[in-house]
Every structure is written in structure tokens, then in C-alpha cells.
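**Student:** Below is a structure I'd like to ask you about.
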Amino acid sequence: MTSSNSTVPDSRSETKKFLVLLLGSIGVVYGDIGTSPLYAFRESLRPFTANGVQHEHVVGLISLMIWTLTIIVTFKYVLFLLRADNDGEGGTLSLLALLMKKTGSYMPVLFFAGLIGSALFIGDAMITPALSVMSALEGMKLVTPAFSDYVLPLSALIMVGLFAVQSKGTGAVAVFFGPITVVWFLAMAWGGLIHIGDDWTILEAVNPINALWFITHAGWAGLIVLGAVFLTVTGAEALYADLGHFGRKPISVAWFILVFPALALNYLGQGALVLSNPAAIENPFYLLYPEWALFPMIILATMATVIASQAVITGAFSLARQAVHLGFLPKLMIRFTSETNTGQIYVPAVNMVLFIGVLVLIFSFGDSESLATAYGISVTGAMVVTTLMAFQFLRSIRGKSAFTAAILLAPLFSIEAVFLAANLLKVHDGGWVPLALAGVIILVMWTWTKGSRYLREKISKNDVSLDTFITSLERSISRESRSAPVLVSGTAVFLTSVPDKAPSVLLHNLKHNHVLHEQNVILTIWTHDKPYVADTDRVEITRISKHFMRLDINFGFMDDPNVVKALPLCKKKGFKFEIMQTSFYLGRRNLIATPNTGLPRWQEDLYIALADFGVDPSAYFKLPPNRVIEIGEQVAI
């Protein structure tokens, strides 16, 4: 009886936890894709408006939208990619880390694919807030045309407020994201349902034959339209990127029981409305609703778009943290805004870049119609990259042959490649914007990675073996020779990225100060290609000699690299740190560009600028400021 009764609370607790994750996934994961009906069908129809919209065009478009959602989101992301996790974490960089760990080698093609996918996602994080919020507010034009002049300033004002609150954390308001988004999806389903009866022939769109007919008969205009059709799956990458926050099951269940049905019903309703009333092409989404519901829907849409914007901003913060830990970006200041949820972070540098980018996009494009042309490229590009990496996943992780992996992914890749080609046709109409943004981000990450690798190779030429150095030093101390340093009480910690070489800061300290602490710790901080490291594996201590020991602290690429919090774990390994008796020695390198080196001069200058932009290691690793001693050195690159 006892064991039977004890399982009931456990079962209820698990159910409650699942429902919380389910609700959260609806608000965060599906916020972006849930706002696509605001503009996707409207923009897809635009090329046909000049000659009049034909029945087969509407049915074909809606069929294409529904089956794009089915193939791309359902099959690729929900049923396949959600299973391609790195210890529970998803996303482009997480998949890249998993593949590089499995292959055990540096693969340039894989590396650049990861950079391209990440860069395109950052571009998406700029365009999504601008496009979605403007689309929502433009509905006010249906209430009163006089509101047209206020769309831009109000959109900018909302963005100012959204980015301003990032530093405070979103935990307090995030609890409302799920319920608001659930109401939004239900409202979309209702709007579609009440209009499907306007023209029952719209149900023919469920047949994929109509989608194929549209592709083969719509001609050049059809290829252009494909770029707009892909707007229906914007935000699909969030399913994979947020896998670690919510888990596969809640994300999958939310898609099948609410999100997909609501989207399909809304698109079917918009199609039936336009078939029965061609004038509704002006704004088919808002015209689904009765006049009394229009203003509430505009308010609800604005809240939904803000939530969608928050989702991509959070995703950009998370991606930046992964990029820093994996060595693709310099160390950035990362602040945790929640004591219980490590996924809630704030990255000031990324926040500022996104904020400036969003405002520039809002005032440069002026309306959602113009900005929509720029949107598809970043989304399709990121998806194509993910599919290419999925090919390597099937080979390296699942053990499939290259032929089998190609057969499995060829249909998906072909579809996405066609969509990408369609979007590339819009380069001159604004599509160059996400490409330019991605190009800049790729250049930054590539320069940092290449420069860091070159700097390590150059410094290593002058390295001194740690074991040889310590043996010589201990011998001089035991013999009390004149060259022996003065021993002082306390513990000194010397940070180094190369544990088998004597840290340059240790050498400089002995050279200039001629002192050595009674206990000296050679500390190396490792960031592993898995999301988290358990506390039991966090620290490793090795005694080298009487006065020296080696300490390795292990973090995952999603962990908070807090050294002070990790040090107490050393007590279980036989060494207790007294923080107030411990000094942390860091080397500060002053980089100087020099001619005739391994990097072009412009890349040297960019690397030095990035190094100056990065946060101090003492702040990044949360070292106590009053216990840190920095010793500088000039390094020519």
C-alpha cells in the first residue's frame, strides 16, 4: 500500500511538470511561427493581384503552405531533428559540437556550415521583431487609416521597451507567455473556422496534388511566390534551438495538438475568405474577424509578436553563449537573470547589436511588406545548413552510409534548395540585408577563431615545459640556492590554457617579483562540447610537487563558468581553498599588429579590436576582483 500510494504524488508531479513545459513551449518555441499568418498568405498572393487572383492560385498556395508546414516542421524538425540532440541540447552550434566531438577532428566544411547557420540565425533575430511587430500594428489601418503615420514610431517605441527590459530578466513576465500564446492560437483557429464555409472548395488544399500543380503551372511568378510561402515556417529553427529548455515530448505534443491545427485552420480560413471576397486580399488575416473583435485581435497580435520577438532574442543570447564557450567569439559579459533557470541570461553586447539592427530595419524598410522580402533568405539559408549538418549526423552518429543518408535527406534538401533559390531572387529587393548581416557575423567569428589559433601557435613556440620548470625550481628551493625565490604564505592560482607548459604569468612573476607562494595551483578551465558537466566531474586535482598542483575545472558550453563556485568542490578531492588567502594571477596580453605575419593586416586589426571588445577573464570567470593580480605583456601578431 505504501509504495502504491507514493507513486500517485510522483505521477501527479510528473504530469504537472509536463504541463508546465508544454505551456512554456507554446509561448517560447512557437511564438515566431505563430505570427506568420499575419503576413505569409498576404505576401504570397501579392504577385497575382495585378491580373486578378484565380481560384486555382488560392487553393494551390494554401495547399503549398500546409504541406510546407507538414514536410519542413513536422517531418524534419518534430520527428527527426528533435532526436538529434547533444545531451539534451539542440541548435546549430550544439549539433556542430556533437559532430566535431564524434569525428574527433577539425572539419573546415562542417565548421563553416555551423558559422553560416549561426550567422543567419542572428540575422533572423534582427528581422523577426521588426517584421512581426509592424505587421501586428498595421492592422490598426483597418480601424482608422489615420493610424498609418503612427506605425513606425510605435513599433520603435515597443522595441525600445522590449530591449530595455532584457537586463532585468524576463522570468516575471515569461509565465504569461504560454497562456497568451495559447489564446492567440485558439483565436487564429476560431478566425479560420468561421470562414472555411465561405467557400468549401478551399478544403481541396489538403490534397498535395494542388501544391504540385501550383509549382508546375504558376510559372515565373510561382517561383517568386515560393519565397513568400516559406514565411509560413519562419521560427521552425526555434523548435530545435530550444530543445534543451523544454524537451522533445512537450515540443512535439504542443505542435500536434494545438499549433499545427491552428495554423492550418487559419490559412484555410484566409483562403476561403479571399475566394469569396477578393477584396480581402488587402489584409486577409485581420479581415477574418468580426468588426467587434478587430481591436482585441490587434492587441492580442501585438502581444504575440512581442513574445515572438522575445523568443528570438533569448535564442540569440543562448547562441552567443555557446559561440563564446566553443571559441567562436571573444569572451562576452554574460549575466544570469534567474537564480533557478540557467537558460535565462542577458548578453549586453548582443542586446545592443540587435537593438540597433532592429531600429535600422524598421526605419529603413518602413513597412512589413518591404521587410518581408528580406526575411526568407535568412530562414531558408539556416534550414539548408541544418539539413547538410543532419547528413553528417546520420553518417557519424547514426552510422548510416553516405548513400543511405543522401537518399533519406535528398527530398528534404531539394525542397529547401528550391525555396532558397526563390528567396535569392529577392536579393535586389532587400534580400541582401540578411546576407550582409550574416557575412559580417561570419567574418567576425572566422577572424576570432583563426586569430586565436594563430596566436596559440605563435606563443607555443616560446613555451617552457611545466614539469621541467617545476623540477628545476623545486631543486633550487630545496638547496636554498641564491636563485631560489622567497617563499610567502598563501595560495597562488595561475590561469593557463596550456596545462603542460609553464604559464607566462608565473614566469613573469618570478622574474620581476622573485617570490613564490607556499601553494601554487596551475589552473586550466576546460569548456567541453557537451551542454553541462556534473559537479562530480567539475574539478580534477593532481599533485605535481611539494609546492605545485594542477587543477582542471570542467564546464559545458551551457554552464556558467564560475570558478569561485567550483573551488569548494576541491575539498572532496583533498584540497580546501581559502579564498581570502588565495591570489589569482592572470596574464594580460597587449596585442600589437606587425607586418609579414600569418594574418592579413586588416584581419590582425579586426582580431585586436575583438580582443579589446571582449570582457576580462577575471570578470568572465567570476573571480573576486580584490584577489586578482594581472601582469601584462606585449605580444606581436
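Every residue gets a Cβ built from N, Cα and C, even glycine.
Sharing the feature lines straight out of Swiss-Prot:
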- 18-38: transmembrane segment (TRANSMEM)
- 61-81: transmembrane segment (TRANSMEM)
- 107-127: transmembrane segment (TRANSMEM)
- 145-165: transmembrane segment (TRANSMEM)
- 174-194: transmembrane segment (TRANSMEM)
- 211-231: transmembrane segment (TRANSMEM)
- 255-275: transmembrane segment (TRANSMEM)
- 293-313: transmembrane segment (TRANSMEM)
- 345-365: transmembrane segment (TRANSMEM)
- 371-391: transmembrane segment (TRANSMEM)
- 402-422: transmembrane segment (TRANSMEM)
- 429-449: transmembrane segment (TRANSMEM)
**Student:** With pairs restricted to those 6 or more apart in sequence, evaluate whether the transmembrane segment (61-81) and the transmembrane segment (255-275) have 3+ C-beta pairs under 8 Å.
**Tutor:** yes
**Student:** Counting Cβ pairs closer than 8 Å, which of 18-38, 107-127, 211-231, 345-365, 402-422 has the most of them with the transmembrane segment (145-165)?
**Tutor:** 345-365
**Student:** Can you see whether the transmembrane segment (402-422) and the transmembrane segment (371-391) are touching - at least 3 CB pairs under 8 angstroms, only pairs 6 or more apart in sequence?
**Tutor:** yes
**Student:** Can you tell me which recorded stretch out of 211-231, 255-275, 345-365, 429-449 has the most Cβ pairs within less than 8 Å of the transmembrane segment (174-194)?
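**Tutor:** Most Cβ pairs under 8 Å with the transmembrane segment (174-194) come from 255-275.
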**Student:** Could you give the residue numbers and ranges of same-chain residues that sit at least 6 residues beyond the transmembrane segment (345-365) on either side and whose C-beta is under 8 angstroms from one of its C-beta atoms?
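**Tutor:** Same-chain contacts beyond the ends: 122, 125-127, 129-130, 134, 152, 155-156, 159-160, 163, 166-167, 169, 313, 316-318, 320-321, 332-337, 371, 374, 430, 433, 437, 613.
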**Student:** At least three Cβ pairs under 8 Å linking the transmembrane segment (371-391) and the transmembrane segment (429-449), pairs spaced 6 or more in sequence?
**Tutor:** yes
**Student:** So, taking each listed stretch (107-127, 255-275, 293-313, 429-449) in turn and counting its Cβ pairs to the transmembrane segment (18-38) that are under 8 angstroms, which one gives the highest count?
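**Tutor:** Per the Cβ count, the answer is 293-313.
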**Student:** Is it the case that the transmembrane segment (429-449) and the transmembrane segment (107-127) have 3 or more CB pairs under 8 Å, with pairs at least 6 apart in sequence?
**Tutor:** yes
**Student:** Six or more residues beyond either end and a Cβ under 8 Å away: which residues meet both conditions relative to the transmembrane segment (255-275)?
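**Tutor:** Non-local partners: 26, 30, 33-34, 36-37, 40-41, 45, 53, 55, 58-59, 61-62, 65-66, 69, 73-74, 78, 182, 185-186, 188-189, 191-203, 205, 232, 239, 281, 284-285, 287-288.
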